[in-house]
Amino acid sequence: MINKNEQTESTSGAAEQKEDDEEQYVQLSSLGEYKDEVTPLLSPKHVPLVLGKVTKEAAIATHSALHGGMSEEKERQIRDIYDRLDIDNDGTIDIRDLTLALKHETPHIPANLAPVIMSKMSPDDEGRVDFYSFSSYVLENEQKLAEMFADMDRNHDGLVDVVEMKNYCKDIGVPLDDHKAQHIVNKMDQTGSASVDLKEFQEFMMLYPSSDLKDIVDFWRHNLIIDIGEDSQIPEDFSQQEMQEGIWWRHLVAGGAAGAVSRTCTAPFDRIKVYLQVNSSKTNRLGVMSCLKLLHAEGGIKSFWRGNGINVIKIAPESAIKFMCYDQLKRLIQKKKGNEEISTFERLCAGSAAGAISQSTIYPMEVMKTRLALRKTGQLDRGIIHFAHKMYTKEGIRCFYKGYLPNLIGIIPYAGIDLAIYETLKRTYVRYYETNSSEPGVLALLACGTCSSTCGQLSSYPFALVRTRLQALSITRYSPQPDTMFGQFKYILQNEGVTGFYRGITPNFLKVIPAVSISYVVYEKVRTGLGVPVCSRGGLEDIHQFLPCSIHSIIQFFFFPRTFLLTISGRSLRVKPVWRSHFSKFNK
């Protein structure tokens, strides 16, 4: 028999267990509308949760750890974000959910960072993130971001403005000019106050996998070195610290490799362009297809790559000279301005001057490239050096600088118009469609960049055509033509009209899309292999979206200019402008 003491102890134990369960229920009641998902833990020993089965004690301990210092409102905010990231609504976030969410919910954070973010959220490498792990990540990240914000807020007014952003970035070795600092502030600012508070800063950077400000600023600051088959006039900017750490040469190597592969893959377009520039006229009408057949019949498939070797070889010296000159010119301008940052116009001038210097240095290779592209089968049987010696013997040193003047003059309109139209399109987009953001998303930016580059080529193409004709003047088989720039302009205008200045422009445009795409992919691969940190505005997964975007933009620009702005606005391209409020919609 059970004595009274044992019965009393049993009754007392049951009462204590009941009180514990009631206390646990009270703790769980803070979940609000979600308590029904957790309260079944009070009855069975094991219950199904998002990651299988856990014990009641473990679940309650998890809840206590998670909600010990969190308000119900904060919990609701995090739960709302979690539900939005859970694309397939299965109660967990996996790599597919996160990748899709980054693309559609937070385009300012590249989707190629999804694996890094997943590793931060789920350090156990389980491949799935439950609500507790996500909440822990958010709370920890917010704390780190709060400390970072406090460091930036120099006057302790709870706001970070452009001046504070510039000063802090300068202190950590990543100086910003006024334009870039303003861009970063405007990107995070949701109220139009020209400053950022802690809440805006945390919301904007909530999912970014690094809490180090240098990484964050580098992430915004860099632009990809994309080779579109034409020579870029404005080199990339690098901070003093990046120069010391050797990041600059890795970017240049990646850009050079990307350019080499891109130019080799699109060499047939380039040869067709050069051939049409020199040989097409009113009396000798040639189109892309007729030129394609003619070149193939004369030399076969291999003939389409004539001149490509020297076109690739000149990438290295041209890039190196341009970069060194640009860096020295910036230093000279900075020395005269003191502590004031270099403006966009000054960078344009420095870049154009650096481009002119580099072009002057490697211009003989440019002339040889044109001559080699126009040669017939059997005309280069003893190598490039012998070919250059033959040119020198027959025409003298001046032959290596034929067409130099139009080439030099063409640099200014190309670089200036490219930059001006890019900024104009971007501002127009922001003014009409992005009221709370200073810059569109990656697809709209690529569309703007493609079209600004197209306009730059349109403006400078007559100079490029005259340059090519002057370079090939001694080997042309047609009637004698003027051997000066102004004489060529007059000759073309009188004999062929305005359209004569745009011979060969079709293959020039056709090569833009494959050139950009190939260069982008190769650049990303080489940069990653060299250990350069990810700091671009997108990843390889954006390529398949960029292709139709760019093609459509070019077609719209030429044939439907009035509707072009509607295209880049995201209506025709179906670019969802969800980035305008970042994560503010999660708190509605």
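Any Cβ shown, glycine's included, is placed from N, Cα and C.
What Swiss-Prot says about this protein:
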{"type": "BINDING", "residues": "ASP86, ASP88, ASP90, THR92, ASP97", "note": "Ca(2+) 1 binding site"}
{"type": "BINDING", "residues": "ASP153, ASN155, ASP157, GLU164", "note": "Ca(2+) 2 binding site"}
{"type": "COMPBIAS", "residues": "1-14", "note": "compositional bias 'Polar residues'"}
{"type": "DOMAIN", "residues": "109-139", "note": "domain 'EF-hand 2'"}
{"type": "DOMAIN", "residues": "140-175", "note": "domain 'EF-hand 3'"}
{"type": "DOMAIN", "residues": "176-211", "note": "domain 'EF-hand 4'"}
8 Å Cβ shell about ASP86, ASP88, ASP90, THR92, ASP97 centroid, Ca(2+) 1 site members excluded: ILE87, ASN89, GLY91, ILE93, ASP94
DSSP three-state assignment (helix, strand or coil) for GLU164 (Ca(2+) 2 binding site): helix
Inter-residue Cα distance where the pair is ASP90 (Ca(2+) 1 binding site) and ASN155 (Ca(2+) 2 binding site), in Å: 46
Cβ neighbour count (within 10 Å, all chains shown) around ASP153 (Ca(2+) 2 binding site): 20
Long-range Cβ environment of ASP86 (Ca(2+) 1 binding site), under 8 Å and at least 6 residues apart: THR92, ILE93, ASP97
Spatial separation of ASP88 (Ca(2+) 1 binding site) from ASP153 (Ca(2+) 2 binding site) - C-alpha basis, Å: 40
Neighbour tally for ASN155 (Ca(2+) 2 binding site), based on other Cβ positions within 10 Å of its Cβ: 10
Additional residues around Ca(2+) 2, ordered along the sequence, whose Cβ is within 8 Å of the centroid of ASP153, ASN155, ASP157, GLU164: MET152, ARG154, HIS156, GLY158, LEU159, VAL160, ASP161
Cβ neighbours of ASP90 (Ca(2+) 1 binding site) where a neighbour is any other Cβ within 10 Å: 11
DSSP-derived helix, strand and coil totals, residue by residue, for the domain 'EF-hand 4' (176-211): 18 helix, 2 strand, 16 coil
Alpha-carbon distance [GLU164 (Ca(2+) 2 binding site); ASP88 (Ca(2+) 1 binding site)] in Å: 41
Cα separation, ASP90 (Ca(2+) 1 binding site) to GLU164 (Ca(2+) 2 binding site) (Å, whole number): 43
